[in-house]
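First the structure, in the form of structure tokens, and then the observations on it.
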């Protein structure tokens, strides 16, 4: 680890910082001294993102005059892009720029996009002209809006995969005390995300609906500018790792070298495998990794032969170090765990789809008043659940679990994620039971044509609360797991990989809906998810998701039992 402007003689050959010659530098930088600026940046950035995106589909419908299907598709395409661009930002961070400069550069792009979006919604000539509730956008006005949105998508692509890893970089893995605090950082990082989301889904959505879109987008733009100021304010306190060069090149070198030597036998004595003689790794920004027994085919890349040396130099496409081989093994081991997160993301995605439709079919009035709560606003209970459970987990569950398991973090990362997967099953069961009773109520009173069944929408609170609880275990566990188990010089890339599971979870949910409707909506039957849910059976769909989640949990437990943790040389564990 090291600070942004650390002197060159503090860096070891592997790109980390050696404080033995200057221990004062370690006390002046990193840890919780640096984290408030990073957490402040994340809280403000998420407030800006959710404040702009939560109500975006209504902006498309009301101001850009798009049909519901078109508006929904455009929001989905844009949201998907926001989870794909992190692969770009992560690659640049790990290979060339480092996490500090990637966050800094892409944050500026983000602010430009937010400013342009605000102008497109407030400046005459750029904002669509409206007659009452009907707006007439010109093509250039729509184009400016979408240019702004995709600038934001590009900007978030440099921040999403880097900021959690960058915060974790502030804690030294070689220091047992600092390493213990790293687990707490991930809890409070996710807490800060939900504080931003809470303000966005309540205050900013109300402003957009009741004050205007100029203010509704302008406030998130100002908030994003505050996020950038917060980040730069901590510059002198940060510790940085130097970028390690292209991770994709190193992966390809191991693959090529392994297949070139597919007939070569791996020696029984693994100390004969090639590794640099220096104390540090040959990969900038990475520690040396111990050899592991599984995936032994790739060990062939580290077997030395006479043809590996050309004119006295080692050909990296024929011979790779043990650390380089173990990098690839680490990535391959992560993939099955990553895949099990897709099903969880599909369950999580129901909050913005079927939960909203279910809520819209219930009584949305608050008490006996005339005030109606928007069905989508109930997601605030998911946010409140996260805000409730994070300190409970950090201050109570961890100390109790630590006494039982003896593990320094209470639960291992895999145990934590598995607990979240287990809880998510009950969220779907809870939603299914509620819908079962709602449909019984409809049948008993013949309310089939009633738009809102007289059952209060607040019966949905338990399913939102359970989703929030599952998030604290699974999503935060994923953040920590993908950081800890990723190769040191590929941490941003692996964080980006974990984000893609969210996008794939949404795609899986859409695929399941399509399949279910094709099977169930035949011969004049309305199917499980018709326009009028009183004739449908979304409870069956919830039970289907619960069943798939049970199967997913079984697969996860098998994978977790098989999983081999990476072993950095000389690291305290």
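Placed from the backbone N, Cα and C atoms, the Cβ positions cover glycine too.
Taken from TrEMBL, the feature transmembrane segment covers 100-119, 188-207, 213-232, 334-357, 377-398, 419-437, 457-476, 497-520, 540-559.
Listed as Cβ neighbours of the transmembrane segment (419-437) (distance under 8 Å, sequence separation of 6 or more from its ends, same chain) are residues 340, 343-344, 347-348, 350, 354-355, 358, 411, 455, 459-460, 462-463, 466-467, 469-475, 477, 537-540, 542-543, 545-546, 549-550, 552-553, 556. Each of 188-207, 377-398, 497-520 was scored by its Cβ pairs under 8 Å to the transmembrane segment (457-476), and the highest score goes to 377-398. Remark: the transmembrane segment (213-232) makes no contact with the transmembrane segment (334-357), by the rule of 3 or more CB pairs under 8 A. Note on the transmembrane segment (334-357): residues 375-376, 378-379, 382, 414, 417, 420-421, 424, 427-428, 431, 460, 463-464, 467, 470-471, 474, 478, 481-482, 485-486, 494, 497-498, 501-502, 504-506, 508-509, 512, 529, 533, 538, 541-542, 545, 548-549, 552, 555-556, 559-560, 563 of its chain, located 6 or more positions outside it, place their CB under 8 angstroms from a CB of the stretch. Highlighted: of the candidate stretches 100-119, 188-207, 497-520, 497-520 has the greatest count of Cβ pairs under 8 Å to the transmembrane segment (540-559). Through the fold, the transmembrane segment (188-207) approaches residues 35, 38-40, 42-51, 54-55, 164, 167, 215-216, 219-220, 374, 377, 379-380, 383-384, 386-387, 390-391, 394, 471-472, 475-476, 479 of its own chain, all at least 6 residues removed from its boundaries and within a Cβ separation under 8 Å.
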